[in-house]
Amino acid sequence: MAAAGGLVFALLVIFQMSSSVSALSSNYYEQTCPKLESAVTHAVKKAMMNDKTVPAALLRMHFHDCFIRGCDASVLLASKGKNKAEKDGPPNISLHAFYVIDNAKKAVEALCPGVVSCADILALAASDAVALSGGPTWDVPKGRKDGRISKASETRQLPAPTFNISQLQQSFSQRGLSLKDLVALSGGHTLGFAHCSSFQNRIHSFNATLDVDPALNPSFGSSLRSVCPAHNKVRNAGATMDSSTTTFDNVYYKLLLQGNSLFSSDQALLSTRETKALVSKFASSQEMFEKAFVKSMIKMSSISGGQEIRLDCKVVR
């Protein structure tokens, strides 16, 4: 019975995806809000001038939004009364830069009131985050609607940094995403920073006999242990996701092949022949990585969700 329910859920997700893909269009606001994209880009650029972590934050925010109820900006909603919203769920506590979306929304509302969804603004901001970090550009399909439901409890559906390859594959396939999408989208880890709690399972008490994951490069493992001791009390302690953390490139894959990845879920990409071959391919060619990343981002950001246009991204009317 549970398996049948899972199949129905998977088919529903795929149906939602296919119906939403046909509804989205890169020129959706061509007549109704022609200056939309420049307004969003301006807001992202302005924020980046003061905070170099903004691109990674926006990319992660979009990913976390799409994986819960589709790309419906439910991650932006504030908790209200007894309802604890997604942004206050454990995996989302470290999300930040919500103000960038709020500022972009204000600018867009001044240009074309009540026309553009918060979900579209977030998708555009994530695309800008990549492009303004030296990554590829692409035409973002638009026409998403905003959702009304946001529950912290549902954030447990997000793929965790401790996931193995079968858990990752299941999480992505439930959303109509393939193994290639998994490997390509993991390349988003080229931007950003991870707190110790996300990878402590690899550097302390890894298993009954080993303290450190043997797949880690020993010197890299030692450096992580010095930054993140067993009983770490420094709230913001952690490590950058790769050595060029503010530049969108393929260094993440090169480091992964050298045993210098942070998450178990990163290392998991080397555990099957298919995913390891893709890691090697993307490590050897930034062009192939960027092409795959764009294709997978468009696919992921087309997972449908909402029903309305919110005037304020934080609250439901």
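For all residues, glycine too, the Cβ spot is worked out from N, Cα and C.
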Quick one: TrEMBL says Cys33 makes a disulfide with which of Cys112, Cys118, Cys196? Cys112
Hey, of Glu86, His189, Cys196, which of those recorded positions are within 10 Å of His64 (active site, proton acceptor), Cα to Cα? Glu86
Cα of Pro159 (substrate binding site) to Cα of His189 (heme b binding site), in Å and rounded, measures 14
Of the recorded positions Asp72, Cys228, Cys313, the one whose Cα sits nearest to the Cα of Arg60 (site 'Transition state stabilizer') is Asp72
Under 8 Å by Cβ from Cys66 (disulfide bond), same chain, sequence gap 6 or more: Arg175, Met300, Ser301, Ile303, Gly305
Taking the center of the Cβ atoms of Thr190, Asp242, Thr245, Asp249 at the recorded Ca(2+) 2 site, which other residues in this chain have a Cβ no more than 8 Å from that point? His189, Leu191, Thr240, Met241, Ser243, Ser244, Thr246, Thr247, Phe248, Val251, Tyr252
